[in-house]
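Lifted from Swiss-Prot, the feature list:
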{"type": "BINDING", "residues": "53, 54, 55, 72, 99, 123, 130", "note": "S-adenosyl-L-methionine binding site"}
{"type": "REGION", "residues": "276-297", "note": "region 'Disordered'"}
{"type": "REGION", "residues": "304-323", "note": "region 'Disordered'"}
């Protein structure tokens, strides 16, 4: 969730962030939120990745009768967003959970886990707030403790991964989660270095990565630390496992006519989203039949042509939106009893 917060009428707000693809998200979710009332009366929306609350604030202002369920695993984000969204507190249920906690969040809000929600938004990945907080260890441009936990109250740190994982496991996560070509070489260097001195801060890791990646690749492949930091963050936070559970839970939660928007920032996330929504947007009837068999039709229709990208203008105003891939779907039929 590269959390680009901001007012919908200006590039940035007092928080200094811009919500990514804000107007496109509204364009896609708005019809579902206003199906019964142009002010959002009777509609329930889930912001599965609240962050600093920029997207949520826009929807709460635009639809003054909308009910919002706001999820985030970062207690600090919930605290900041809670203050920001205080004027709308009577319409919000805040839940401290990962985005695969949708079912429990709905239970806390007194709603069933299936077909009770009209709109859901996922803005995946690390938030701008987390990148900008120097003590969190997410940014390779800042020397900081190697933590990388989105919820700093639980779980292992990036330093623990570096200092305790076997060579094979390190190479696996670097290759799988970071799509790093030099995963084996980097893993060997990590094991060699930690035998001399355990990793504690990001500067030592960045220095190692500069040594490990060939100069020719560094010149053309972006910052040498980018892929390794991504891989560590995904491993520390269990991001892909969480997403694999969250997408079907979100689809199940939508009522007929309800819509979901996913904004991914890396190919791994986008692949998970696509793999989950595509099968449920296809007929299950045998090919060649003149009519659709009862209960075998598609549950969803895809609202986007492939994965949409940010416009040149948006990227210019907000460089962190450059990698975004947006997909959206609408429930068109109830889930088959089968």
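Just so you know, glycine gets a Cβ as well, placed from its N, Cα and C.
Location within the structure of each feature annotated in Swiss-Prot.
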residue : record                               : DSSP (3 states)
53      : S-adenosyl-L-methionine binding site : coil
72      : S-adenosyl-L-methionine binding site : strand
99      : S-adenosyl-L-methionine binding site : helix
123     : S-adenosyl-L-methionine binding site : strand
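Mapped onto DSSP classes, the region 'Disordered' (304-323) shows 9 helix, 1 strand, 10 coil.
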